[in-house]
Amino acid sequence: MSQRRGPPRADMLPEIAAAVGFVSSLLRTRGCVSEQQLQVFSGALREALAEHYKHHWFPEKPFKGSGYRCIRINHKMDPIISKAASQIGLSLPQLYQLLPSELTLWVDPYEVSYRIGEDGSICVLYEATATKPVSSYGMLTCKNQMMLGRTSPSKNYIMTVSS
């Protein structure tokens, strides 16, 4: 029996892994969450993101749906993160203590990036090459909209995530 394969890179596993690894590393740095709790949290977040993005993942148009896939903490906790954190008994006040008060995490096909603070630099966590050229000329993505009106150029850094 042959398995039907979709187009190359139609899966979102590397991008989700980068996002989950990043959020988990933020929790790990505070030292208040055990490794076992981090594993449970990571699994719950991975499942929640895969389900949330299931019908909003467009490798042929990576910027389509970027606002829907954006994870945001801005004086309000992103519900996907709070749901995964509830699996290990973390309350909202605890999450606010463990995570940055201003965090934006973009999970798009071929790229995962984040920004801490409203005026922070955008840093790339994961970047892959699209199987066919993707034109972003003239595209106003969630991330690009946030860059409008900046008085100083941002600095891009690449941070690798290992598990």
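Here the Cβ of each residue, glycine as well, is placed from N, Cα and C on the backbone.
Any TrEMBL annotation is an automated prediction that lacks curation.
As annotated by TrEMBL, domain 'Anti-proliferative protein' applies to 53-73 (among others).
Remote same-chain partners of the domain 'Anti-proliferative protein' (99-118), defined as residues 6 or more beyond its termini with a Cβ less than 8 Å from a stretch Cβ, comprise 9, 12, 15-16, 18-19, 22-23, 26-27, 49, 53, 57-59, 62-63, 66, 69-75, 81, 124-130, 134, 141-143, 146. The domain 'Anti-proliferative protein' annotation in TrEMBL covers 99-118 (among others).
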Three-state composition of the domain 'Anti-proliferative protein' (53-73), taking helix and strand from DSSP: 5 helix, 3 strand, 13 coil
